[in-house]
């Protein structure tokens with residue numbers, strides 16, 4: 001099967017440009033059709049043009065006026081949560097069955113973490129890629145929850161300030177809300193919480209993530225094995241994803257329960273701590289921007305699976 005589906009990317013910033021380069025270099029069932037922006041002076045649009053990709057600086061309206069629009073099957077949206085709602089409604093009014101891969105926290109469609117629930121959404125018209133922190137940490141919550149009932153999952157995503165563009169900064173609140181909900185909906189925790197830290201250190205540090213899960217008491221070796229397997233599965237599409245150290249365990253006895261702010265319960269059980277780092281592939285972005293690389297890699301993986309399904313049905 002060497003036929004490919006044409007895709008458009010809305011948002012020629014860091015994420016959009018990195019995604020474009022990944023598709024052009026490594027697209028299996030995908031090929032670039034158009035890059036869409038709103039700033040005629042955009043570096044990303046200029047780069048796309050130099051690489052032979054059709055461009056428009058007139059937003060999604062401009063996309064629909066491009067000759068290639070008739071052949072576009074999948075659209076990646078790397079703008080902002082508010083813009084995605086409008087973009088989806090506008091494009092769907094013209095092409096009801098167009099596939100949208102949402103890299104914003106808008107979450108119109110189901111949350112998609114490829115390694116956890118990607119196969120369940122091959123047919124979805126709109127999928128949400130949660131957030132960079134969600135893509136890195138929710139697999140670990142899911143790894144614990146497939147072994148034990150998780151009462152509470154908390155993630156802390158620390159990213160280089162330099163890797164956080166205007167889109168990331170404009171969506172901080174949406175980041176925490178969307179990630180928290182996805183920890184529950186996809187990760188399987190009864191209650192989830194997400195924290196993001198923009199680290200201004202120079203030279204920039206690569207993405208680091210901490211995952212805490214409070215679960216029922218089970219065999220610690222089972223959880224450690226599940227976490228290791230999940231990390232290996234994520235590495236298939238994000239090679240720079242790795243455990244920073246061994247999984248840590250603490251038993252919290254019922255005689256000395258803890259209170260978790262926001263949950264408000266006296267809780268006991270097994271506390272699992274997972275420490276991760278994510279190094280980017282440096283296709284376009286620097287290696288320290290693992291937070292952006294994991295989003296573009298997850299989005300491409302999801303779209304490749306969608307495209308394979310569409311092509312096999314054709």
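Using N, Cα and C of the backbone, Cβ positions are placed for all residues, glycine too.
In this structure, residue 132 (active site, acyl-thioester intermediate) is part of a helix by DSSP. Annotated active site, acyl-thioester intermediate per Swiss-Prot: 132, in sequence order.
Marked as NAD(+) binding site by Swiss-Prot: 163, 164, 165, 166, 167, 168, 169, 170, 171, 291. Annotation for residue 171 (NAD(+) binding site): same-chain Cβ neighbours under 8 Å, separated by at least 6 residues, are 80, 81, 104, 105.
Residue 132 (active site, acyl-thioester intermediate) sits 13 Å from residue 165 (NAD(+) binding site), taking the Cα positions as reference. Comparing local CB density within 10 A for the binding-site residues 165, 167, the maximum falls on 167. Long-range Cβ proximity for residue 169 (NAD(+) binding site), meaning a same-chain Cβ under 8 A and a gap of 6 or more residues, is found for 198. The Cβ neighbour count for residue 163 (NAD(+) binding site), using a 10 Å radius and every protein chain shown, is 24.
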